[in-house]
Amino acid sequence: MMEADMENGRLYPERPRTFSTVRTKSSLPPIFRVLMRINPRAFIVLLLLVFSGVLYVGASTSPIVLFVFCICTLSLFFSLYLTKWVLAKDEGPPEMSEISDAIRDGAEGFFRTQYGTISKMACILALVILGIYLFRSTTPQQEASGVGRTTSAYITVASFLLGALCSGIAGFVGMWVSVRANVRVSSAARRSAREALQIAVRAGGFSAIVVVGMAVFGVAILYATFYVWLEVDSPGSMKVTDLPLLLVGYGFGASFVALFAQLGGGIYTKAADVGADLVGKVEQGIPEDDPRNPAVIADLVGDNVGDCAARGADLFESIAAEIINPSGFILFPLVVHSFDLVISSVGILSIRGTRDSGLISPIEDPMAIMQKGYSITILLAVVTFGVSTRWLLYTEQAPSAWLNFALCGLVGIITAYAFVWISKYYTDYKHEPVRLLALSSSTGHGTNIIAGVSLGLESTALPVLVISVAIISAFWLGHTSGLVDESGNPTGGLFGTAVATMGMLSTAAYVLTMDMFGPIADNAGGIVEMSQQPESVREITDILDAVGNTTKATTKGFAIGSAALASFLLFSAYMDEVAAFAQLPFKEVDIAIPEVFVGGLLGSMLIFLFSAWACSAVGRTAQEVVNEVRRQFIERPGIMDYNEKPDYGRCVAIVASASLREMIRPGALAIISPMAVGIIFRMLGHATGRPLLGAKVVAAMLMFATVSGILMALFLNTAGGAWDNAKKYIETGALGGKGSESHKAAVTGDTVGDPFKDTAGPSIHVLIKMLATITLVMAPIFL
């Protein structure tokens, strides 16, 4: 149906520009369609009842939870304000809105199909988890508190499904706003660069506020519900510090959906991009996003499903995994992220419009403007983090401990800023590395590839040093805080690292805003090109697009840094859980044991094999797109002189079906591998009288996969981003400009980097955290 409807579209000046609607059925998820049928007054009454119930549960738990609920509610109203503000902007001339409608329909159609597939897999996995937990043994702590197998099983499954649902909604929100904001940014670019920037930032801010708010709200609801239901901290019941292990299913559900969303969306967006670039730019010599390219609509759809939807789910699961930390202090990260919603809102509002026309006055540097907003957010984060530690972490046993933990948070905040700066340095064409990469294009395709690979390899050094300093500093600040256990041994080290992770993510909403800005600006540029706007308008969107590439790269650096710190915490939680189930000490992993060393090798292998399968999936799908685009140019020679229409729908259909098919294999590898390794070595341990062997091998696998994954993701993300911006730099007129031999070599590098930075790299972020959460959930089967 999409093919036939798109066939009727016309984008050329000599004929009426009509791009007929391709929507054949509602693209909203079923739950939204049901809610929209409810009478408005009844809906308001229902909302008030739900809100009253939430407030009652929160008040029954803690005033802190009530505070979190109130902040989340206010942030929801703020996001609605941003939505209303963005949607009030005009969509420009009819040709712009018609192209935008085609992009929206393609994105929402793919999203509906993709998440239908993911939801079926999630339900199957939920049944598997239920079966495991119904037949596993319980820990002495659970037996003492009266939480039996059945209760524990249903709590874990409910948490898993809620995490999966919320992660899916986070992805939907990211995609929903991007397909509506893109055309408004395009229209604003005809008037002012600053106005276009403001619209893109506020649209990204809406998605970021909703994603972070939902992550906090979801964990708070689970915490409060279980606290009241299980009568936590009452005599003879569960302690509050044991509650996080019941909520780990929430993080696993979020990771599960995020992994498949990132894989499917990444394969879609990069296969379409590679196919469009190889035939359009290299073979036919037409500009990027030219309406004559049959793959251009599929490319623009991919920006939304690959970058916006997938990144929303990615950051959602990062926050969920970090909140459910092994220290048992869930309330503290909830408060930190509540303040994050407030300070990030201030940062978003600090980017204001101007009446000066960007077409007449000099265009301001969009990166500098967003960097100012980030600096404001960072400064406010330092203040609110100090307030949070004094409020929640002060104890008379160690009166100065809160100050140590405030410094741990400062370490995390500085780490976040360092990661953003390092990523910007290696991927922004204002700095030397990208300019040298562009210069290498002047001597051919091969030297461009060599320079890009070496840049990516080099870019891993500084981030690793920063992570290393952060982990050790935060651990020792916590260790020397004065907190001790019953035996007088210092206990704050691990919690210090947890606090540093919270500090790093204390500006997550603003960082996600910068990330969402990228694909919205990219789409806006495509709409401007396809609707054949003046070159001056395209210049504005090109600048926004180049900055968007940098912000996406910085966000990926931020994401992998937070994944590294969070994985260190979850690794400790895994060891504690194994010790509780086995009732045996499990404090260290000895890689001198051959089986344990093999587990480490398998973990490193998993990262490389997963990356290979993700990249090859893009390659295979791109080959189908290339063949289809070549076929259309041969069979329809009039396309090049605007006398025949490209079949956009055919490319959309090819990429959609192939990406759904190709995402299964690497995703299944990530989920099945740790379970298979644990079960095999558990049986070997049982046969040789070593009851913890399976758990130790899985621990080594997790440890080595985390280390390898951090390095691999840094390499892939930075190399891909640098190749992309080297091409953008040449397109500004440097080294011969568009169409030159240097530009063709840069396009080749950009094509190689596409699956690196938008498919394999971001998927590894999710993979690292999902390995940590899946081992926590599946720990009973390793013993």
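Cβ coordinates are placed from backbone N, Cα and C, and glycine is handled just like the others.
What TrEMBL says about this one:
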- 42-59: transmembrane segment (TRANSMEM)
- 65-87: transmembrane segment (TRANSMEM)
- 118-135: transmembrane segment (TRANSMEM)
- 155-179: transmembrane segment (TRANSMEM)
- 199-223: transmembrane segment (TRANSMEM)
- 243-261: transmembrane segment (TRANSMEM)
- 400-422: transmembrane segment (TRANSMEM)
- 491-512: transmembrane segment (TRANSMEM)
- 557-575: transmembrane segment (TRANSMEM)
- 596-619: transmembrane segment (TRANSMEM)
- 667-685: transmembrane segment (TRANSMEM)
- 697-716: transmembrane segment (TRANSMEM)
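Tertiary proximity for the transmembrane segment (491-512) is limited to same-chain residues at least six positions away from its ends with a CB under 8 Å from its CB atoms, namely 204-205, 207-209, 211-212, 311-312, 315, 318-319, 322, 325-327, 329, 332-333, 336-337, 339-341, 343-345, 347-348, 373-374, 377-378, 381, 384-385, 389, 401, 404-405, 408-413, 415-416, 420, 470-471, 473-485, 554-555, 558, 561-562, 565-566, 568-569, 572.
Cβ atoms under 8 Å from those of the transmembrane segment (199-223) belong to residues 54, 57-58, 61, 65, 68-69, 72, 75-76, 78-79, 82-83, 85-86, 89, 159, 162-163, 166, 169-170, 173-174, 177-178, 180-181, 184-185, 188, 243, 247, 250, 254, 308, 312, 315-316, 319-320, 323-324, 330-331, 334, 337-338, 340-341, 344-345, 348, 351, 370, 373, 508-517, 520-521, 524, 544 of the same chain, restricted to positions at least 6 beyond its ends. Within the chain, the transmembrane segment (155-179) has long-range Cβ neighbours (under 8 A, six or more residues past its boundaries) at 29, 83, 86, 100, 103-104, 107-108, 111, 115, 118-119, 122, 125-126, 129-130, 133, 147, 203-204, 206-207, 210-211, 214-215, 218, 222, 226, 246-258, 261, 303-305, 307-313, 315-317, 320, 516, 519-520, 523, 777. Taking every listed stretch (243-261, 557-575, 596-619, 697-716) in turn, the largest tally of C-beta pairs under 8 A with the transmembrane segment (118-135) is reached by 243-261.
Note on the transmembrane segment (596-619): residues 263, 266-267, 270-271, 274, 589-590, 659, 662-663, 665-666, 669-670, 673, 677, 681, 696-709, 712, 716, 754-756, 759-760, 763-764, 767 of its chain, located 6 or more positions outside it, place their CB under 8 angstroms from a CB of the stretch. Tertiary neighbourhood of the transmembrane segment (243-261): same-chain residues 114-115, 117-118, 121-122, 125, 129, 147, 152, 155-168, 171, 215, 218-219, 222-223, 226-227, 232, 309-310, 313-314, 316-317, 320-321, 324-328, 330, 573, 577, 663, 667, 670-671, 763, 766-767, 769-770, 773-774, 776-777, selected by CB-CB distance under 8 Å and a gap of 6+ residues from either end.
Below 8 angstroms of C-beta separation, residues 456-457, 459-460, 463-464, 467, 556-557, 560, 563-564, 567-568, 571, 574-575, 578, 589, 591, 595-604, 606-608, 611, 673-674, 677-678, 681, 756-757, 760-762, 764-765, 767-768, 771-772, 775, 782 of the same chain, each at least six residues beyond the ends of the transmembrane segment (697-716), sit close to that stretch.
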